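Each remark here refers to the structure printed beneath this line.
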Amino acid sequence: MAKEILFNIEARDQLKKGVDALANAVKVTLGPKGRNVIIEKKFGAPHITKDGVTVAKEIELTDAYQNTGAQLVKEVASKTGDDAGDGTTTATVLAQAIIAEGLKNVTAGASPMDIKRGIDKAVAKVVDSIKHQAEKVGDNYDKIEQVATVSANNDPVIGKLIADAMRKVSKDGVITIEEAKGTDTTIGVVEGMQFDRGYLSAYFVTNTEKMECEMEKPYILIYDKKISNLKDFLPILEPAVQSGRPLLVIAEDVDSEALTTLVVNRLRSQLKICAVKAPGFGDRRKEMLEDIAVLTGGVVISEEKGLKLEQATIEMLGTADKVTVSKDNTTIVNGAGAKENIKERCDQIKAQIAATKSDYDREKLQERLAKLSGGVAVLYVGAASEVEMKEKKDRVDDALRATRAAIEEGIVAGGGVAYIRAIESLDGLKGENDDETTGIAIIKRAIEEPLRQIVANAGKEGAVVVQKVSEGKGDFGYNARTDVYENMHAAGVVDPAKVTRVALENAASIAGMFLTTECVIVEKKEDKPEMPMGAPGMGGMGGMM
């Protein structure tokens with residue numbers, strides 16, 4: 001495929017047009033009075049959103065050079081969203097500002113490499129300032145509610161729901177988002193450990209109305225192989241039955257012959273028993289069975305540990321206050337495992353979460369941690385139409401991820417104030433040469449831009465507000481929602497420190513790459529020849545024998 005090449009100022013100018021096209025579409029969504037963006041869909045209703053990364057992901061430009069520039073900034077938005085869960089619009093605004101200021105200086109003859117070094121030095125100082133400004137959230141659910149409210153586009157209902165969900169399942173708990181059947185947004189909480197495996201036979205059901213098998217204080221047998229020979233199973237089945245307590249069997253599988261025997265015994269002798277398949281697959285299954293054992297105070301009967309099924313004793317069985325098994329799920333409530341063992345297991349999983357680089361593995365580990373530490377909350381998002389539903393789910397997702405970021409690194413004053421306060425940390429900073437010092441000045445100017453844009457979206461004059469906020473101290477800032485200058489923490493206008501930090505780091509990283517770019521290579525568009533028209537009079541082949 002043939003390529004086209006552009007160099008120097010010409011290349012950077014084309015890239016900047018793409019940067020501006022994307023950034024201008026994204027930045028209208030910033031702040032409490034940010035506007036909506038409507039995205040046309042080929043099928044179904046258009047998507048209305050105020051989520052920066054959703055807007056960014058939809059943008060593809062026809063000009064290849066400009067599209068390359070747009071994709072650079074799209075990377076800023078999506079990476080910030082992945083790392084911190086929010087701050088995608090802020091990152092885009094910062095990237096555009098750094099690129100615009102930097103490009104002026106590079107065009108005037110400054111050294112791009114020195115400017116980049118100056119930018120990197122300034123960003124490191126600002127990040128330190130943000131970390132010093134950060135205030136830990138701890139168990140203060142009012143602060144958690146404030147963060148969630150701001151990230152959900154100042155929707156106090158969503159903020160309260162997320163704070164309530166965290167109260168119920170703890171800060172480590174899993175909170176998932178699903179679509180509600182009606183228009184109300186509500187919380188559902190699954191207490192205890194739930195895994196997605198149901199009963200192996202409907203004959204195990206004890207509550208025919210709900211089609212569930214309900215067990216009070218059952219023994220729980222945890223086996224990592226298939227039960228195919230009932231003879232091996234009898235030594236543990238008999239004492240469990242004699243105790244008069246129900247028995248839940250969790251195994252890789254149960255052979256049809258063994259299952260039939262269990263069902264017949266269940267029906268004839270009112271033996272309270274239920275069999276379910278073990279959750280997960282491969283190594284993850286082994287870990288999940290170990291989790292269940294720790295939670296219930298039992299032992300995984302595994303040949304890897306030198307334990308065979310026929311050697312199992314009643315002391316090896318786990319137990320819990322209640323177990324409910326439906327067609328699709330098994331829920332274990334109040335397992336009898338020792339608290340210190342559960343805590344130790346949770347700490348192991350937290351260490352694995354910190355070490356893993358795979359997003360999928362991290363998600364699965366967090367699910368396991370939540371199931372051990374408290375339970376799972378489900379936010380059922382309700383709306384009047386499909387369009388509103390998508391927009392609301394975006395906001396709930398933003399708020400939830402921002403809240404997790406706040407718990408991780410604390411909160412700072414919102415509304416762009418944290419960046420304004422960080423400018424002081426750059427006052428004494430000098431580069432090794434004039435161009436490095438210019439790079440520092442670029443960051444000084446660029447970190448005012450989020451506040452300017454929030455104010456502009458609220459219909460006010462940015463320069464005036466930036467000046468007034470700069471003259472203030474501490475958490476003093478401009479609340480665009482109420483059009484009042486006040487203490488941002490007291491007003492509940494707060495941002496997660498992690499979001500503020502990551503947005504700037506990612507913006508500066510891409511802007512630095514942009515400014516040090518000297519050549520752009522794109523694929524040359526081939527002019528496709530038009531399809532030839534069919535010759536007239538070729539409609540049929542009449543007269544042929």
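In case you wondered, yes, glycine gets a Cβ from its N, Cα and C as well.
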In Swiss-Prot, ATP binding by Thr29, Leu30, Gly31, Pro32, Asp86, Gly87, Thr88, Thr89, Thr90, Gly415, Asp495 extends, among Lys50, Lys392, Lys393, Lys473, to Lys50
Here the binding-site residues are Gly31, Gly87; the one whose Cβ sees the most other Cβ atoms within 10 Å is Gly87
The correct three-state DSSP answer for Lys50 (ATP binding site) is coil
Of the binding-site residues listed (Thr29, Lys50, Gly415), the greatest number of other CB atoms within 10 A surrounds the CB of Gly415
